Amino acid sequence: MGARTGAEYLRGLRERPREVWIHGERVLGDITEHPAFKNITRSVAALYDMQHDPSLRDAMTFVSPSSGERVGLSFIQPRSQDDLRRRSGMMKRWADYSGGFIGRSPDYLNAGLAAMAAASDYFARNDPRFGDNIKRYYEYVREHDLCLTHTLITPQVNRSAGPARQADPYIVARVVKETDAGIVVRGARMLATLGPIADEIEVFPSTVLKGTEEDAPYSFAFAIPCDTPGLKFLCRESFDYGRSHFDHPLGSRFEEMDAVVVFDDVLVPWERVFLYQDVQLCNGVFAETNAVVHMAHQVVVKNVAKTEFIFGIATSIADRIGIDGFQHVQEKLAELIMTLETMRAFLRAAEADAAVDRWGVMTPAWAPLNAARNLFPRLYPRMIEIIQQLGASGLMALPTEADIHGPIGPLIDRYLQGRNVDAYNRVKLFRLAWDASLSAFGARQVLYERFFFGDPVRMAGALYTSYPKEPYKERIQAFLDQVEQQETATSPVADGE
Ligand SMILES: Cc1cc2c(cc1C)N(C[C@H](O)[C@H](O)[C@H](O)COP(=O)(O)OP(=O)(O)OC[C@H]1O[C@@H](n3cnc4c(N)ncnc43)[C@H](O)[C@@H]1O)c1[nH]c(=O)[nH]c(=O)c1N2
Ligand SMILES: O=C(O)Cc1ccc(O)cc1
């Protein structure tokens, strides 16, 4: 019990084989040895191991209020700004490990779950048992340091109709029946990042349901182990092509995988149900519990780490091939600095203006985090464009490790050296830039940043509609009135001329 080591995380996956499909086959045997999952499971394990580095103990863990064990800091229910800063410090260490390329390190969902448990009264409004369920579940996950995945989105079949109005009412995961033991769920959800190698899956409300009776069977929040019978993970193709860390420095380590989740009459025990059939409570769960704020806190920490990493790549390219003196290159690098400082400022503002919410949790200020989560999906594709603009053909004149060590090695040494670096290290840098900006891994990162927190168009709409606009409109009206008064006061008629 308490914060796990990487070995304990890997053992947990081995002990609980789950139904995972990839490349036309079911993963049989040890998933931690499967080519698509071996490297990412080692990377997630490395995150857990950081919790046991004696020099990082206080930076990565805190003392559990229930067991007295040291548990992961992302599970903390912050009570002070200091707690928030400690949590973001911990999140930054995890994000730095992968340059922000493991978007779904477990801290993202841990922070959300901690907030939901603090807001257990919200779930109790649906049913008093659900309030106890979410609290108990949070403690269970925290004390066992489990790795969570989540799935919110309905299958992309026909977006012009709600879940009940699809070609088949069982496309979207819904409740088929209730038993004394729990609810039975049939249908599918999208898109569980890290799903096949998580311990548990949260199946939470997603798109805004209409609030009519027909949506009730689609309205629920629950969590179950990933090896629950009938639960299937349908993976996309792996972007870890089994190449060396030199050839694919990111894809060979941080390919976190995304999977469609199918529920083939899955029994969800009542003690794991947190919301059921109450459409309004389902629609409000992330906002009303402030879980979305705490998750956004992790996201902005990750954005800082990722922007630092991309800026590091871009400025290294500029230096290595001698383009750093050109004005337009400096302008592009300055753009990355602006993005970095913007993200840092959002994070700092959110922590500095944090306040205790109605659930008693010290909660980062939402306005800067909400602005950040709307802005970054627009800035990240531009960051990647800058890498492409600076790297140019160098992102394609890119031999592999085998070429460097093979018969053409001397040619590479001569023609692919940089201004101040040998060919080996120049190619190594450019392969990293390629993996961040052009490989399947890199392209998926752009898509991830565009969409993972929701459809950017609807997110922007929600930002606009929820933002307090009256004070600004009133100010403009007052300004216009003032102009009129001044005109009247200074006009010849008013002066009696
Ligand atoms: C790489 C990656 C990883 C993840 C995820 C996505 C991606 C790309 N997601 C899913 C993510 O939450 C999801 O992509 C967004 O919410 C958008 O939903 P759809 O992808 O279904 O697009 P959707 O089909 O809704 O939209 C497609 C297009 O249609 C437009 N559109 C659709 N409906 C509209 C409407 N009503 N009004 C206006 N425009 C509309 C959109 O603006 C968009 O341009 C996820 N989810 C999850 O639960 N867990 C996870 O771990 C992840 N991980
Ligand atoms: O749906 C929401 O309101 C917030 C949300 C979006 C994406 C996600 O991964 C978690 C929560």
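Placement of Cβ uses the backbone N, Cα and C atoms for every residue, glycine included.
The FAD site recorded in TrEMBL comprises His150, Thr151, Leu152, Gln156, Val157, Asn158, Arg159, Asp455, Pro456, Val457, Arg458 together with one of Thr193, Thr212, Thr400, Thr490, namely Thr193. His150 (substrate binding site) sits 17 Å from Asp455 (FAD binding site), taking the CA atoms of both as reference points. In the predicted model, residues of the domain 'HpaB/PvcC/4-BUDH N-terminal' (5-275) average a pLDDT of 97.
It is Val457, among the binding-site residues Leu152, Val157, Val457, whose Cβ has the fewest other Cβ atoms within 10 Å in the structure shown.
Largest Cα-to-Cα span within the FAD-binding set His150, Thr151, Leu152, Gln156, Val157, Asn158, Arg159, Thr193, Asp455, Pro456, Val457, Arg458: 22 Å. In the three-state DSSP classification, Val457 (FAD binding site) falls within a helix. Neighbours of Asp455 (FAD binding site), defined as other CB atoms within 10 A of its CB across all chains, total 15.
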